[in-house]
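Novice: Mind looking over this structure? Questions follow.
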Amino acid sequence: MPDMKLFSGNSIPKLAKFIANRLYINLGKASVGRFSDGEISVQINENVRGSDVFIIQSTCSPTNDNIMELVVMVDSLRRASAGRITAVIPYFGYARQDRRVRSARVPITAKVVADFLSSIGVDRVLTVDLHAEQIQGFFDVPVDNVFGSLILLEDMLQRELKNPIVVSPDIGGVVRARAIAKLLYDTDMAIIDKRRPRANVSQIMNIIGDVANRDCILVDDMIDTGGTLCKAAEALKERGAKRVFAYATHPVFSGDAPKNLKNSVIDEVVVCDTIPLSENIELLPNVRTLTLSGMLAEAIRRISNEESISAMFEH
């Protein structure tokens, strides 16, 4: 069996370290930095010939820098004769640009990034809760999309919830919310019907379902500016919800997210560590982070040993 090696870019070193600790190995020795003109500099400082290599790198903000850093690391390892290279991308940037809207003259950037990674020598991709599952088909290499939402579910099950109801923040999230509701004591589900006049701005229109005197659990794959989430929470409280908890895998938290969450009526926001939090977010008392290091470490172990990934999620 080839020797497993784990390398990390600069996007999410804390999670990479946690994963390495779970696997009882050290992170690979590599120098990943910048030249004086801003170009990315990578040097692999140990032998990787024939090794089964995993690179941990979220393509979060600064998205373009982190993508290029991943690409240059892949090329460095390929030229150093690594046996197999798996890109572990906990958060896959550009995933929301996965289609053309009404024949607009826009790119499908998720496909562009997938083609880029497939063409430069990545043998496999491991990611978490893709914004759209069809993105797996954009790649010309195998993609394992693991479910971080199950880590969130474990936290929900440990809460002392009173008459809970799972809420989808939009129509597109109904499948995700229904799956969580079924696993959460087969509880009821509500849907928030909203209209979005422009990017990152939404208007709550209607709540489908009775949320009065219930603990509401908003579930989504990511939180960006938090505007949608905070307005959803306000609408739920106006309809008589007792408490509102928000769960999301990816804490993008861009723009006015710190201000929005600080001033929101949400009782607690729970996210995973696929993206590092800014200091402004970390200081908020109503934001808590769960680690995916155990799940990702097990997925990496299974890939390296040629074992089933889907078996991790069979109930």
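From the backbone N, Cα and C atoms, a Cβ is placed for every residue, glycine too.
Owing to the predicted nature of the structure, the values given are computational and were not obtained by experimental measurement.
Pasting the feature list from Swiss-Prot:
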ACT_SITE  K194  active site
BINDING   D37, G38, E39, R96, Q97  ATP binding site
BINDING   H131  Mg(2+) 1 binding site
BINDING   D170  Mg(2+) 2 binding site
BINDING   R196, D220, D224, T225, G226, G227, T228  D-ribose 5-phosphate binding site
Novice: So of D37, E39, D170, D220, which of the binding-site residues has the fewest other Cβ atoms within 10 Å around its own Cβ?
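Specialist: Comparing Cβ neighbours within 10 Å for the binding-site residues D37, E39, D170, D220, D37 has the fewest.
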Novice: Rounded to a whole angstrom, what is the largest C-alpha distance between any two of the residues D37, G38, E39, R96, Q97 that the record assigns to ATP?
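Specialist: Among the residues the record ties to ATP, max Cα distance equals 31 Å.
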Novice: Determine the minimum-neighbour residue: among Q97, T228, listed as binding-site residues, which Cβ has the fewest other Cβ atoms within 10 angstroms?
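Specialist: Lowest Cβ count within 10 Å among the binding-site residues (Q97, T228) is Q97.
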Novice: Do you see any of the binding-site residues G38, R96, D170, T228 whose C-alpha is within 10 Å of K194 (active site), and which ones?
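Specialist: The binding-site residues close to K194 (active site) (Cα within 10 Å), listed in sequence order, are D170, T228.
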Novice: Suppose we draw a 10 Å sphere around the Cβ of K194 (active site). How many other Cβ atoms does it contain, all chains included?
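Specialist: K194 (active site) is surrounded by 18 other Cβ atoms within 10 Å.
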Novice: Look at the binding-site residues R96, H131 and tell me which residue has the greatest number of other C-beta atoms within 10 angstroms of its C-beta.
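Specialist: The residue with the densest Cβ neighbourhood is H131.
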Novice: Say you check the Cα of R96 (ATP binding site) against those of the binding-site residues D220, G226, G227, T228; which is nearest?
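Specialist: So, of the listed binding-site residues, the one sitting closest to R96 (ATP binding site) is D220.
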Novice: Give the number of CB atoms, excluding that of G226 (D-ribose 5-phosphate binding site) itself, located within 10 Å of its CB.
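Specialist: G226 (D-ribose 5-phosphate binding site) is surrounded by 29 other Cβ atoms within 10 Å.
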Novice: What number of additional C-beta atoms lies within 10 angstroms of the C-beta atom of T225 (D-ribose 5-phosphate binding site)?
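Specialist: Here the count is 21.
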Novice: Spatially, which candidate from the binding-site residues H131, D170, T225 is nearest to G38 (ATP binding site), comparing Cα atoms?
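Specialist: The answer is T225.
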Novice: What does the structure give for the C-alpha distance between G226 (D-ribose 5-phosphate binding site) and D170 (Mg(2+) 2 binding site)? Integer Å is fine.
Specialist: 14
Novice: Reported as an integer number of Å, what is the Cα distance between Q97 (ATP binding site) and H131 (Mg(2+) 1 binding site)?
Specialist: 10
Novice: When DSSP states are folded down to helix, strand and coil, where does Q97 (ATP binding site) land?
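Specialist: Note: Q97 (ATP binding site) is coil by DSSP, not helix or strand.
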Novice: Which number gives the other C-beta atoms within 10 angstroms of the C-beta of G38 (ATP binding site), all protein chains shown included?
Specialist: 7
